[in-house]
Amino acid sequence: MADLVDHSPHHATKAAKLASASNVILIDNYDSFTWNIYQYLVLEGATVTVYRNDEVTVEDLVAKKPTQLVISPGPGHPDTDAGISNAVIKHFSGKVPIFGVCMGQQCMITSFGGKVDVTGEILHGKTSELKHDSKGVYQGLPTSLEVTRYHSLAGTHSTIPDCLEVTSRVELGDASGKNIIMGVRHKEFAVEGVQFHPESILTQYGRKMFRNFLELTAGTWDNKQGAAVAAPADKKLSILDKIYAHRKNAVDEQKKIPALRPEALQAAYDLNIAPPQLSFPDRLRQSDYPLSLMAEIKRASPSKGIISANVCAPAQAREYAKAGASVISVLTEPEWFKGTIDDLRAVRQSLEGLPNRPAVLRKEFVFEEYQILEARLAGADTVLLIVKMLDIELLTRLYHYSRSLGMEPLVEVNTPEEMKIAVDLGSEVIGVNNRDLTSFEVDLGTTSRLMDQVPESTIVCALSGISGPQDVEAYKKEGVKAILVGEALMRAPDTSAFVAQLLGGSNQNFAGASPSSPLVKICGTRTEEGALAAIQAGADLIGIIMVQGRSRLVPDDVALGISRVVKSTPRPADTLQQPSSATSLEWFDHSTNILRHPSRALLVGVFMNQPLSYVVSQQQKLGLDVVQLHGSEPLEWSSLIPVPVIRKFAPGDIGIARRAYHTLPLLDSGAGGSGELLEESGVKKVLDSDEGLRVILAGGLNPDNVAGTVKKLGQSGQKVVGLDVSSGVETNGAQDLEKIRAFVKSAKSIRQ
């Protein structure tokens, strides 16, 4: 850093009175720098009146007819400590020019829907190098200059609303390449702010910045003032053009990162590590509703600004799947829609293990193969291709490349000419965007008008602008097969209820089908007689111990005899209403059904910290229907064992709710057979940690306490889908047949 230079106007020449700044009002947020701002404004010829933020009303200011407004710095947070500043910005935006300094800028960001947060450092008089866009208050200034900062808060990049643009930045200074927002400007209104202090003696060209502001006379930029010098070029570009140009630059930069080079992505794909995919058209044809739902995860949009900035994409995806969505659309454009490819990757992971998961669509402005390959590696089943932004040659190339990766694209059209292109291309799925991407106007009749151009075999999806059942009725009659809904779903307080209302049906179709009574597992079985008694009593699972050194270890010859009894003895079957094949049933609801054989009990072999090869060989030798891992075996073993796997967890263990590995988790206190009851609060905490979790409960259960133990868990007890007993049905170390019968009866009576 160079020596500090005093840029203050020690012997400043006062400018002549500015007729355009004859009634400037300065809102004082109780900050000492307000005097310095007043000084600079007056030196530039303004006539200024100062009001503290709690001593004047908006109505008072309206009556005073200000020519310009300035919002001063101040201590605290813009949401709680700025008095009427936010109300002033909201009322006068578009009417008169407004300039905000430090907290004044933060008020502008929050007033238009953004957020401010801590920057990670508290600055008091620090000088930094500023980079700016040479428009607005920066007109006529060098592109790099020294400014002074007094702040700990600043606007956050991810929440800057679409109506504002970032005009200046300083580097974070940690070699990360990240920067802190130092200036914002409204794209339409003459509203501009700076995070630094132009009135500080260490800021270069501070007076010039105030002069540039004072020369503004209108409330908008459309009269060729200030920032509008460069605005006409932007005005000629549609939002689609802007996004395309921005994404092109961003993707070009991304491909320079060594790990993200096209060659690196191709090498990863060649290793066959992309998540398994499904057929997008086939999944669209499966729905319990009259139309298939493409449910969109949408944090923001150019037309609506911030919709739900803090949404957890994978959690939202599970909600959509539970509500019956056939497709989940994930917006991965970061600037206007606030999404990333990481959202898609997390969404795909969250759907792992669903028996009939929704397809995953990458909703992005795709213009090269790199983006399609990136999508497939992240887990996409399909990508969006927008006819309006691609020439026919490029569209054709991208379409066939996507199909070469097993992904039938969603081809988006808006006009009859674009529909003809999509049909000639051979598109199996065509989306009609009811929103014109050049004007962003919505016309829900667009889809209907284009239907007569489409072959009967083509799936047509209506995109954009759908908010309620009234928007859907006509589509049902006209042959539309699917609708895409984003904003309305994101704002719905109850996703499943909204979907049922929107598409006409009952969200009860999508509730997990649960047995009327829990599974019962009689463990530690050592005789054919014990197995037979348990089965005849109605037990679902017969457990035999395969752990060397344990008192309940069953020799192979005895185990084979028990196996024959289990497989030849019928038992009364519970009736379970199977869900529709189109339903995305939760993993643990599905796997509970797997452990409920329609006509007999299942034989479970219990192992603990034994080699995988031994576990597999014993499973094959003894004909085990299920394997139980009761030690610290890797989670991945569940996918390497050729039968369903029950895995033991203690409260607090990591991985209990991981889908697509263990069939069900068994919640137990120790090594098994200890007779120790689990602490009620610990069990509740585990069960309440994940809405979709289901468990087999073990540890200290017996015929007398099993019903009460589950009842004490309250509503959480509904997630207990199985009960495991060993020592609780023994007398003097041997299985007691009467206790077995009593336990099964008591356990089965819990939910009838």
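Placed from the backbone N, Cα and C atoms, the Cβ positions cover glycine too.
Copied over from Swiss-Prot, here are the features:
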- Cys102: active site, nucleophile (ACT_SITE)
- His197: active site, for GATase activity (ACT_SITE)
- Glu199: active site, for GATase activity (ACT_SITE)
- Gly74, Pro75, Gly76, Gln106, Ser152, Leu153: L-glutamine binding site (BINDING)
- 23-223: domain 'Glutamine amidotransferase type-1' (DOMAIN)
- 239-503: region 'Indole-3-glycerol phosphate synthase' (REGION)
- 519-752: region 'N-(5'-phosphoribosyl)anthranilate isomerase' (REGION)
When you look at Gly74, Pro75, Gly76, Gln106, Ser152, Leu153, which the record names as binding L-glutamine, what is the longest CA to CA distance in angstrom?
12
Other CB atoms within 10 A, centred on Leu153 (L-glutamine binding site):
19
These are the binding-site residues: Gly74, Pro75, Gly76. Which one scores highest on other Cβ atoms within 10 Å?
Gly74
Which residues of the same chain, at least 6 positions away in sequence, have a Cβ lying under 8 Å from the Cβ of the residue listed as 'active site, nucleophile'?
Asp31, Phe33, Ser72, Pro73, Gly74, Tyr150, His151, Val194, Gln195, Phe196, His197
Would you count the other C-beta atoms found within 10 angstroms of the C-beta of Gln106 (L-glutamine binding site) for me?
32
Under 8 Å Cβ-Cβ from Ser152 (L-glutamine binding site), six or more apart in the same chain: what's there?
Val118, Thr119, Glu121, Ile122, Leu123
If I take every residue in the region 'N-(5'-phosphoribosyl)anthranilate isomerase' (519-752) and average their pLDDT values, what number comes out?
92
Other CB atoms, at most 10 A from the CB of His197 (active site, for GATase activity):
23
Hey, for the L-glutamine site built from Gly74, Pro75, Gly76, Gln106, Ser152, Leu153, who else sits with CB inside 8 A of the CB center?
Pro73, His77, Pro78, Asp81, Cys102, Met103, His151
Give the distance between the Cα atoms of Glu199 (active site, for GATase activity) and Leu153 (L-glutamine binding site), rounded to the nearest whole Å.
19
DSSP state at Gln106 (L-glutamine binding site), helix/strand/coil:
helix
